[in-house]
Structure formats: C-alpha cells, structure tokens
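**Student:** Quick one: structure below, then a few questions.
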Amino acid sequence: MTDNLQLNADGKLKHFLTIEGLSRALLTEILDTAESFVGVSDQQIKKVPLLRGKTIVNLFFENSTRTRTTFELAAKRLSADVLSMSIATSSTSKGESLLDTIRNLESMFVDMFVVRHAISGAAHFIAQHTAPHISVINAGDGQHAHPTQAMLDMFTIRQIKKDFAPLRVAIIGDILHSRVARSQIQALNTLGAKEIRVIAPKTLLPAHVETLGVTVSHDLTEGLQDIDVVMMLRLQKERMTSALLPSESEYFKCFGLTESKLKIAKPDAIVMHPGPINRGVEIESTVADGPQSVILKQVSNGIAVRMAIMSMAMQPQGAF
Amino acid sequence: MLEIDPLLNNLEAGLRQLIEERQLKQPLMIGIHSGGVWVAEAMHQRLNISEPLGLLDISFYRDDFSQIGVHPNVKPSQLPNSIEGRDIILIDDVFYTGRTIRAALNEIFDYGRPNRVVLGVLIERDGKQIPVAPDCAGERLTLSAQQRIKLTGPQPLKIHIETATRHD
C-alpha cells in the first residue's frame, strides 16, 4: 500500500477524494482518458459497455442537481447500474449512522459509492471503512474538496487553451467557503499554471491564503489584468446573513463580473462558473451568456470527465 | 518483411468477388482503428466506394477491461448517421483471435441493425479463439505463438513479422 489512500499498490487510482497528493501524470491521464469519452455523447447510442454489471450508488447527503445528474449519466453511459439516493428520503433521517448505511449498501453488492456530504472528510471516512473492493468518489465534501468539478474545469481549460504553463488564472468570489476553489487551486498548481490569483474581499478569504500557492487581490479591476481564465464562484446566499458581506448589490458592485470588467482581462479570456449561477450577484447575465462564457461547455465536459474517473477507479486493482 | 502490394491486390480482388457474389448494394466500408483504417482507406479508394469511410475504435468494447483497464487516447468512432438495413464491409489489418471482430460487431450493432456485414482482412493468421472468420483475406499465414504481425503506416504502409521477446 502507498501512503495515499486514493492509490492502490501500483499507484493507480482506487478512490478519488481530493486533488491533493495526486501527481501531474495522473491528472493528465484523467484528462486524456476523458478526451476519449467525449465522442460517446455524440453517438446515436450514447453508451459503451465498459462497466456493464457494475453497481454504482450515488449517495447524496446534500442537494445537488448538476453534479448528481452528470454522475448518473456518466455511469449510465458506461453501462453501469446506478442507484441515486437522496438521504432526506432515507434511513439516516430515521437515525441510522453513516457507517450502518454503508454496511447495508455493501451487503447489496455495490462496487462504487459517489458521495456528497456537508461534512468535510465524509468521503474519506467512507473510503477508509468500506470493503476493499469498493471505490469511493468524492462529489463534494463540506468546505474541503470537489475534485471532479476541478477536473472538469481543467479539462475545459485545456480544451480551449491547450497548455497550462503560460496561463494566469483568476478565481473570484467566496474562496473561504468554497470546496471548488480549494480543488481548483490544487489542480492548477499541480498542472503548472503560471499564476493563480484569488480575488475576493478579505472576509471571504481564508487566513494565510498565500500558502496555498496563490497571489491575492482585493480589487477586481486591478486583479483581472493579464488574466487568461476567469473562474467565478457562486456567492452562497446564506453567507449574506453571517455579516461577512454588506449586501448583494454592494458585492455585485465590487466583485460582480460585468462586461466592462471583463474587458480588463485578456481579449481571449474565457469565463467559467461551476453553477448554479446567481445572475446579477456574482455575474452579469450578458457575461454568463456571452461569447467568452464556457459555462455550459463545463457541464457537457462534466460527463466525459466523470466517465474517465469512474472507469479508472474501477480498473482492475491486481498485478497489471 | 512482407510485400504489401500483392496482399492489397489479393484483398481487393477478394472484395470485388464478395460484392458480386453476395450482391452487396451500395456497401458502406468501415475500418477498425488503427491498422484496419489504413487498409480500408486503400480499399475504399480502389473499389471506388462513394460514401465516406467509417472509422471504428473498439477500445470501449474490448473484453479485457477486467484485466487491463481502459486506455487513454481512444479515437471517437465515426460511423454514418444510419447503418440500419445497410450492407457493410468491415476491414481490419490482421485477423488473429477474433476478439476484435466480436467487439467491432457489438459496437456496430449499437448503431443500428445492418442488413449484412462482411469481413475483409489483409492477413488471416492462425490462433482463432471464437467462432468468427473473415470472408476474404489478402493472405493466410501460420505463425508461432511468439510471432506478431505489425503494420506501420499510413504512408508508406508496411508490414513485417516480429518475434516477441515477452509474452503479452
């Protein structure tokens, strides 16, 4: 066994829990494999038989539409059997512990768990305690990580910009609470982007954020200069109530991405957003729907990237 | 090293005969990635087939995922919009175990129900493991288990026989 729970003895992907600790070669392998799966969605029969006979359980302890749907579609396009469980309608609401839920599902001969949970480390915990033949994929845990989102973002960037080395990337918004931002920063650093610049008010940045390998700006106008990729984050409305921000309109004035602000970035800059977007809060409609936006491309790419990660984690874990 | 031109000529003649005998109507030609596509390109031109050549990458249909997993850089298959009721000429470079053809047929049938599929290969060698066989071949060879036929291309298209030092 290697120290990294995510890898098997041969250094191949077993679980996908966080970008942290994964090599550039492995991330590149995920992106290359995803490239192969893009064409499947164009086929008349959008399905390949790779994971036929495998059972995948989507375990969503937290709401999600996009992530759950694309995971489900990805599994179905690999011909796996998928069960999507929303926990609000299940036995944890009746008091069953997380581990008991897992044990019960294991007894139904499942092969993979895709887990979203409001508590950081939940997917990691399941990976540690589940049966050895089962793979676990993190579909977002608390404020910790959302690695498949980061990988589909990387895939979209590579598709358009080809190479990470010359890129200056801005991540804008609520960095403090964002698992997406954390995973994006790790992925961009591992893949060798030239600069990662976080742009946010001080109240929405974690302490010592520079130690993550980023540069910091508190001013959108200044921060967008020379930027190739603009990655917006959703402003979680619940943060408004916790006195971290004065008001939505105030936030939009300072940190909302408008057409005129976008002109400060490079003319061929692309605009990304993990969704769901709050129009008029962090991003102007004309930008979200504009020619530089790749937001819907990100959604399409999410399927191919999740197919790649699922099929890699389900690869034989033996001597090959 | 094998001379490639006589093999291509034989395959072409075999295919012409097949088209006539089986009365294939406006056949579609499909090559299996990668060597099969190179051979199919040559046949497509020689037989003057009007419809564009189809390309099949069978990686996702292989039967050894549980042994070797998935390979990156699989090319997307490009088949015409409808193969329903069509006559298909499937082309590969080497017929060996038959497993590639099994995978290719599965993939083709995921696109629709063709009227008829015939298989042409440049070389048929011994070692068949399933009850599938080509309808015509440019050459038939008997080789030892360590020997592999290797096609390089697309330009120039060359073929040679290697003796493997390790068993894969």
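Heads up, the Cβ atoms here are built off N, Cα and C, so glycines get one too.
Annotations for this protein, taken from TrEMBL, read as follows:
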- A:R66, A:T67, A:R116, A:H146, A:Q149, A:G275, A:P276: carbamoyl phosphate binding site (BINDING)
- A:K94, A:R179, A:R234: L-aspartate binding site (BINDING)
- A:14-159: domain 'Aspartate/ornithine carbamoyltransferase carbamoyl-P binding' (DOMAIN)
- A:167-312: domain 'Aspartate/ornithine carbamoyltransferase Asp/Orn-binding' (DOMAIN)
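Help me picture where these features are in the structure shown.
**Tutor:** Listed in sequence order, the residues of the same chain lying 6 or more apart from A:G275 (carbamoyl phosphate binding site) and placing their CB within less than 8 Å of its CB are A:R66, A:R234, A:I295, A:Q298, A:V299.
All protein chains considered, the CB of A:R179 (L-aspartate binding site) has 21 other CB atoms within 10 Å.
Shown for the domain 'Aspartate/ornithine carbamoyltransferase Asp/Orn-binding' (A:167-312): DSSP residue counts in helix, strand and coil, namely 64 helix, 24 strand, 58 coil.
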**Student:** Tell me, if you would, which residue among A:T67, A:R116, A:Q149, A:R234, A:P276 (binding-site residues) has the fewest other CB atoms within 10 Å in the structure shown?
**Tutor:** A:P276
**Student:** With H, G and I counted as helix, E and B as strand and the rest as coil, say where DSSP puts A:H146 (carbamoyl phosphate binding site).
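**Tutor:** Coil, per DSSP.
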**Student:** I'd like to know which of these binding-site residues, A:R66, A:H146, is least surrounded, judged by other CB atoms within 10 A.
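**Tutor:** Minimum Cβ neighbour count within 10 Å, taken over the binding-site residues A:R66, A:H146, occurs at A:R66.
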**Student:** How big is the gap, in Å, between the Cα of A:Q149 (carbamoyl phosphate binding site) and that of A:R179 (L-aspartate binding site), rounded to a whole number?
**Tutor:** 10
**Student:** With a radius of 8 angstroms around the mean position of the C-beta atoms of A:R66, A:T67, A:R116, A:H146, A:Q149, A:G275, A:P276, what other residues of the same chain does the carbamoyl phosphate site pick up?
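**Tutor:** Counting only non-site residues, the set is A:S64, A:A139, A:G140, A:V180, A:P274.
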